[in-house]
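Marked as Mg(2+) binding site by TrEMBL: 66, 84, 86, 87, 211.
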């Protein structure tokens, strides 16, 4: 189930990846949106490519994207693509290689398929509800799982958006969190999904569901959890697209440390 959607998302992402890397290798202009977040030619081009390709394959599905106009009719639709055509624009602007393309599919407000592409390494992470999570690198396909660790945990933090309350949480649990590594965009979640870390905090309003939708199902299908601070799972295709309370990514419920 949803294999056709996943293959289409991967194909769309690969097409967008080519154009993103063309921009990445040259000097480009950076503009700023009303919320002061950066946007580039790569964001806009990637968005057009992905939406155009997916619309041609699934004309009845609706869209919620980072760069496109928000059509509120999506709220009553069964299937909605939730897309961040360039997650980690700040990473892209600062050329640290840690940006991604995020494509997810929501069915009745639940994510049922997710694809994340890391353009610089051509690495793909993907998952379908009930079918596990996978990493594809140069045509080598590997099923991935979260680690089983319950101590000596590695915490991934944002490179550019680390908040004081997140630092305080890491310090509060320093008996269990012994290693802290900065990573960009959705790479933090992907690394947890493949067992290379155990926890990541984002305890602020700065993200939207377009940032989290794809990695939510990838982490869950790898055996982990993406939870709001109240311990509840995320709901998708909402009217308010901001993740107001933030979220915590963990490899197992015992490590949901707040």
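The backbone N, Cα and C atoms fix where each Cβ goes, and this holds for glycine too.
Overlay of TrEMBL feature records on the structure.
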{"residue": "66", "record": "Mg(2+) binding site", "DSSP (3 states)": "coil"}
{"residue": "84", "record": "Mg(2+) binding site", "DSSP (3 states)": "strand"}
{"residue": "211", "record": "Mg(2+) binding site", "DSSP (3 states)": "helix"}
Filtered by Cβ under 8 Å and at least 6 apart in sequence, the residues in the chain of residue 66 (Mg(2+) binding site) near it are 43, 47, 83, 84, 85, 86, 208, 210
Students should find that the Cβ of residue 87 (Mg(2+) binding site) has, within 10 Å, a number of other Cβ atoms equal to 27
Counting only residues outside 66, 84, 86, 87, 211 in the same chain, those with C-beta within 8 angstroms of the Mg(2+) site's C-beta centroid are 43, 83, 85, 88, 89, 100, 101, 102, 185, 210
All chains considered, the count of other Cβ atoms within 10 Å of the Cβ of residue 86 (Mg(2+) binding site) is 28
Residue 211 (Mg(2+) binding site), Cβ-centred 10 Å count of other Cβ atoms over all protein chains shown, is 25
